[in-house]
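Here Swiss-Prot flags Asn68, Asn185, Asn196, Asn296, Asn391, Asn403, Asn413 as N-linked glycosylation site. The annotation topological domain 'Cytoplasmic' is assigned in Swiss-Prot to 1-33, 329-356, 474-498, 579-594, 657-707 on the grounds of sequence analysis. The topological domain 'Extracellular' annotation in Swiss-Prot covers 55-227, 272-307, 378-452, 520-557, 616-635 and rests on sequence analysis. The transmembrane segment annotation in Swiss-Prot covers 34-54, 228-248, 251-271, 308-328, 357-377, 453-473, 499-519, 558-578, 595-615, 636-656.
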Amino acid sequence: MGGKQDQDKEAYGKPAKYDPSFRGPIRNRSCTDIICCVLFFLFILGYIAVGILAWVYGDPKQVLYPRNSTGAYCGIGENKEKPYLLYFNIFSCVLNTNIIAIAQNGLKCPTPQVCVSSCPEASWTVEPRQFSQTVEQVFYAANRNFCLPGVPGNMQVLQSLQQELCPSFLLPSTPALGRCFPWTNSTVPELPGISNTSISQSISGLLDSLNARDISVKIFEDFAQSWYWILIALGLALVLSLLFILLLRLVAGPLVFVLIIGVLGVLAYGIYHCWEEYRVLRDKGASISQLGFTTNLSAYRNVQETWLAALIILAVLEGVLLLMLIFLRQRICIAIALLKEASRAVGYIMSTMFYPLVTFALLLVCIAYWAIIALFLATSGQPQYVFWAPNSSLPGCEKVPMNTSCDPMEQVNSSCPGLMCVFQGYQSTGLAQRSLFNLQIYAVLGLFWTINWVLALGQCVLAGAFASFYWAFHKPRDIPTFPLGSAFLRTLRYHTGSLAFGALILTLVQIARVILEYIDHKLRGAQNPLTRCILCCFKCCLWCLEKFIKFLNRNAYIMIAIYGKNFCVSAKNAFMLLMRNIVRVVVLDKVTDLLLFFGKLLVVGGVGVLSFFFFTGRIPSLGKTFENPQLNYYWLPIMVSILGAYLIASGFFSVFGMCVDTLFLCFLEDLERNDGSADRPYYMSKSLLKILGKKNKGTPGDKKRKK
C-alpha cells in the first residue's frame, strides 16, 4: 500500500534533493534558450525595418489634416493660414456617403471642398438678382472667401455656380476634426428632393459621432482646474495600497477569516432569498412546464425551477466552503503565514513596489511604436488624382475621360461644367503597398510578442528579488545589497531567450483568439446555431488554454530566476512541484485572490467615494485652501481618479501577488530539500515552522540564526 502511494507521489517527479551549495538564486549560470534569443533579436530587427519602411512610405498627414478637392492639405504648407475644410454642399456627403469614410479617406464626397481660414458664421444664399454680378462683387468684396483658389474676380456668379467654383449657399458652421459642419439648429435652405428633417438628423448624428469642439474645450478646462486634485487622489491610492500591503503582516489572519465569514454570510443570504422566491412561486404554481422554451431569459425569473436550481448551487458552494474551513484549516493558516511573509519581504525590498513603473514605461513604448507603425503603414502610397464632374451627363462632358489620372497642378481647360482634378486615394503598387497586409500582421505579432516579453521580464525580475529574500538565512543581513537591480541585470544577461520563448507561446495563443474573434465578427450575420456553438466552444477552449499558459509561464519564470535553467526544464519542474502540492496551490491561490480583490476594492472604492464627495462639493467643512474647483463635468476627474487608483492598486498588488507565488514555490522547495537538521535547516519563518509542527534542530549557537 505504501509502495503504491510512493508511486503515485512520484508520478509528478521526484522531490528536490538537498544541495549543500544551494544558497538561493544561482549566480554562476549560463545563457538559456539561445536559439529563441537569436530569433527574438532577429524579429526585433525586422520590426525596426518595418518601422523604417513605414516611415519612408507613410504619410500620416492625410489622417491628421483634411484635404481639399485638389488633394492639398489644410493647415500646412500653402494653406497654413487655412486650417479648416469647407464642403460646398455637405448634404450630399451626409445623405449619400459614409461619414467615417470621409474622415479617413479624404474626398469620397461628391462636392467641391476648399480650405478656409474660418468657418461661416451666418446663413447666406445667392439670390437670383446676383447671378449677373461678378464674383468680386458677391464673394470677395463681402469677405466671403470660400471659392476655389484661382477663380477670377470678373467671372459672372452664374458661371461660377454652374462650374461649381463657388458655393451657392453658406450655413453657420462649427469646426470639428478640421472640417466645417453646420449647426444643428441652423436654417437650412430648400434643396430639391431633400427634406429639412433628414438634413437636420444627418447633421446631428455627424456632430455627435465626431464630437463637438466646445466639449473638448470644456474637458480641457476641467483638467486644467482639477489636475492637482487628481494627482492628490492618485497619491492617496498609492499610500493606501502600500499601507494595505505592509499592514498584512499584522492583520492578514483576522482579515482573511473575516472575508471568508463574509463570503459565507453572502452565500447564506443568497440561499435564504432563493428559498423565499422559490416558495412564493411554488405556491402560485409557476412552473417551467407552463412557460415552455423561450429566448427571453428574463422570463425564467418567474418560474420556481430557476430559483430551486440557484438555491442548490449556492447550497453546494456553502457546503464546500464549510468543508474547506474544517478540513483545510491548516493549509489556510499556511496561506495566511505566506501572505504575512510576503508583506515582510516587500517591506525589506521596497524598491520592488515601484518596478511596475518600469513595466508601464516599457509597455507604453511597445504600444506607441506599434501605433506609429500602423498609422504610417495605413497612409503609405503616392496620391492619385482623377477627373471628376458633379454631372457627367451635361453637354461637353461626354468626351472627358472621367476617373482617369490627371495632374492637379495643371489648369483644367474643358467645356464640361464643374470639371476638376480631385484627389481619389493612394496607389497600391509600391513596395510597402503590395505587402501592406503582411506588414500589418507582422506589426501586430510584434505588438503581442513585445508586450508579453515585457510582462515576462517584470515577473522574472521580481521573482529573483523575492527569492533572494526567502533563501537569506539571516534576514535582512543575508539579503543582497541590490536584489532588484541584480535580478534585472541577471535576467537580461542570461534569460532573454527563455522569456522570449514563453512570450512567443502565449502570443501564438492570443493571436489565435484574435483570429477567432475576427471570424466570429465576420460571420455573425450568417451564423446558424450550430456554427455559433462551435465558435463558442473554440473560444472557450482558447481562453482556458491562455489562462493555463499564463499560470505555467509565471511559475516557470520563478524557477528560471532561482535556478537559471531553460524555459522547458523550468516549466516542467514548476509544474511537477505544484502538482505534488496541488491542494496547497488551490487554497493559496483562492485565499490570495480573495485578499487582493478586497484590497483593490478598498483602495478604488475609498478613492472613488472621496473624489465624488469632493468634486461634487459635498464636503462643506473644507477651507478655501481645499475648496473644490468649479467644473463643467464633475464626473470626469472622478472617473480619472478611479481609473488611476485601479491602475496603481493593480500595479502594487501584482508585485505582492508575484511575491506570494515566489515565496510559495520557495517554501515547497524548502520542505523537499531540507529536514530541519543542523546541516539542512529550514529557511522558512518561525510562524510557518510552528504551523507545520517543525523546527530547526541546530546547535545552541545556531538557534539564534532565525529571527
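Sequential numbering from 1, following the chain as shown.
Every residue, even glycine, has its Cβ placed from backbone N, Cα and C.
Neighbour counts were taken as the number of other C-beta atoms within 10 angstroms of each residue's C-beta; across the glycosylation sites Asn68, Asn403, the minimum falls on Asn403.
The CA atom of Asn403 (N-linked glycosylation site) is located 17 Å away from the CA atom of Asn68 (N-linked glycosylation site). Looking at the topological domain 'Extracellular' (520-557) alone, the prediction's average pLDDT is 86. For the topological domain 'Cytoplasmic' (657-707), the DSSP-based tally of helix, strand and coil residues reads 27 helix, 2 strand, 22 coil.
Distant neighbours of the topological domain 'Extracellular' (520-557): 456, 459-460, 463, 498-499, 502-503, 505-506, 509-510, 512-513, 567, 570-571, 574-575, 578, 658, 661, 665; these residues of the same chain sit at least 6 beyond its ends, with a Cβ under 8 Å from one of its Cβ atoms.
Put simply, of 34-54, 228-248, 453-473, the stretch with the most CB pairs closer than 8 A to the transmembrane segment (595-615) is 228-248. Remote same-chain partners of the topological domain 'Cytoplasmic' (579-594), defined as residues 6 or more beyond its termini with a Cβ less than 8 Å from a stretch Cβ, comprise 9, 12-13, 15, 256, 259-260, 263, 324, 328, 331-332, 334-336, 338-339, 657, 660, 664, 668.
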